[in-house]
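Participant: Below are the features I grabbed from TrEMBL:
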| type | residues | note |
| --- | --- | --- |
| DOMAIN | A:77-153 | domain 'YdbS-like PH' |
| TRANSMEM | A:21-41 | transmembrane segment |
| TRANSMEM | A:53-71 | transmembrane segment |
Amino acid sequence: MYSQMNGPQKRLSKDAVKVWIISETIASVIGFIILGILLYLDYRFSWKEWIGWILKGLLLLSVLGAVWSWIKSFLLYKSWRYDVNEEFLQLKSGVLNEKYQLVPMTKIQSVATNQGPVLRKYGLCSVSVETMASSHTIPVLPKEAAIELRNQIAHYAKIKEVES
Amino acid sequence: MIPAKRYHPLLMLFDLWSLLKNNFFIFIILFVIKARPQSPFILYGRILFFIVFGVAFIYFILKWFTHKYELDGRSFHLYKGILIKSERTIPFSKIQNVNRHTSLFHRLFKVTSISFETGMTGEEAAVKFEVISQLESLRMEQHITSEVNDNAMNLSPSEMAVEKVDTTRIIHFKPMKKDILKASFTSLSFLVFIPLLLSFYSKIDDILHVEKETEGIFFYIISSWWIVTTIVVFLIVASVAFGIARTFIKYGKYEISSDRNRIYITKGVIDETAFSIAKEKVQAIEIKQSILKRLLGLAEVKLTSAGSLSFGEETLEINSLYPFLPVQRAYEMVSEILPTYEVTPKMKRLPKKSLWVRLFSPSWIWVIATAVLFYFRPAVFGVGQGWWILSAALLLIIIAIRWLDFIHTKYILNDRFIQHKTGSLTTSLFVSKRDKVIEVKVTRSIFQKWLGLASIETINRAKPIQHNGIEDVPVEFADSFYKWYMGRRNEIEIEIE
């Protein structure tokens, strides 16, 4: 792709990896706690054998999942690109499965910045864009950049196509 | 310009009729099955029923007195509310398609219902007139369409323009007897008769318990061969006649016509439906062919609109230009009614390597089915360990389907148009214009990257949103597809505020 043209160039905030790892770790820890409780209950009340097998299987999967989510955070940061110009919002993401999206500015219905607790701690924001067909999120940007991007998109999206 | 006025008075009757129809079951329980009120429960139920109906009746009358509509040069104004007044304005330019439905009720009173559909979502997406005189509905439809031609037109010339436009309507298609016959066989509607008969019998049996008697009759019948033959012949004739009648009722009075700006489709013998759409509001065209239609050389052309195609809860499938058109005629008709659309007959095929991707990608259906078969190991054809036969057969079917899909998949970008054909058993050819595509996407999995392939996807306005795509095209094509979409700046017009 992009053999003869410029793809999107802008990258996410460097803190993206940190933020993703933190949120993934929180999610994994919660998952492990729940699994741990279930495993304990299984041992304590000697539930049926197959329940134990399923729980052990889930444990293995979650360990693999947690490791993968950390590796993925690095890869995702490396692969994420976005760009805006007067006409299009361009998004590119994904490592194993690459995804390129091209959204005309005139079709954007709304744009917003969002901030969760982890993002707030690092002074970051995500920008989400709603179109007639779908919604897209640019996940981790420095707050000022996010606000600027939001305003820019809002400005470009104000131009309306003659609808036919 | 149509000044503010009330809806048709029959609307009250229609509302009442709908309410009764929707609560018919409750009515039956309260008044027919439990005719004598033994329990207080039924008695209270009846009282409640009368109260609800009374309130509803008063509401319908008040609604009729307070709800009004008005049409000016550019928009509908709808006034409603008994206590809380509200006014809604819908510009004509937002209307995507017009649906008209004349049910038996409407027939009886020589009225019709019409709904002007916009591309919005939610309850208020349409301007709907449940009951309206036929003359008024025609006048409104012409009024909004004439405004589309020229926004600045005032009253009298616009009406003259309407007259002029009306006379230039061209009829493109009306099914002949031959078409109806073909349609009734292709739609396999003759197969419906026997199941219908059986379900009818089972219903009668439920009420009258006639099983004993029918058993006797059944044995009497099969004891003599000529009665059996007569009955079989009779059933075949009846099935065919029923199939033709059914097809005739559904597709008999089909008519496709168009004028300079709009396309009109009407159909139905008893329940009449009509659909009209401005040519520039057609978001895409889809040409569909099932196996049977491919064998008989028939096709169905569908027009995609951003507005809703249903009327109330009913889906009307009204956007289809006759589902049983001869293929050649279908293509001709597309170019006749939509001269801005081009269907390119010659398209590119997928490279060989995409066949390999298709064949080797894991089939979850097969994996799960095989796992289940492996676990239960059922005997097949009396062979004890025959479960693998089923698994192998399933695998063969899946391979055949994927191979067919590979054979059928074709695509091309032609100037402003994208066109692609996909499907294994039922094929569908999709044609849209660059300015009608509202978003595009290219994805590449790890295998596709390795083989130099990609998948592309277009998103079009429709209800619901339409996603169309081709899997495993060469990456060069995906690249040019992406650039092609960027070129939409050449066609779009920017609204000046």
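Note: Cβ is positioned from N, Cα and C throughout, glycine not excepted.
Describe the structural context of each listed feature in the structure shown, including burial, neighbouring residues and relevant distances.
Facilitator: Long-range Cβ contacts of the transmembrane segment (A:53-71) within its own chain (Cβ-Cβ under 8 Å, at least 6 residues beyond either end) map to 20-21, 24-25, 27-28, 31-32, 35, 38-39, 42.
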Participant: Please list the DSSP helix, strand and coil residue counts for the domain 'YdbS-like PH' (A:77-153).
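Facilitator: Per DSSP, the residues of the domain 'YdbS-like PH' (A:77-153) fall into 22 helix, 40 strand, 15 coil.
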Participant: For the domain 'YdbS-like PH' (A:77-153), what is the mean per-residue pLDDT, to the nearest integer?
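Facilitator: Overall, the domain 'YdbS-like PH' (A:77-153) comes to a mean pLDDT of 91.
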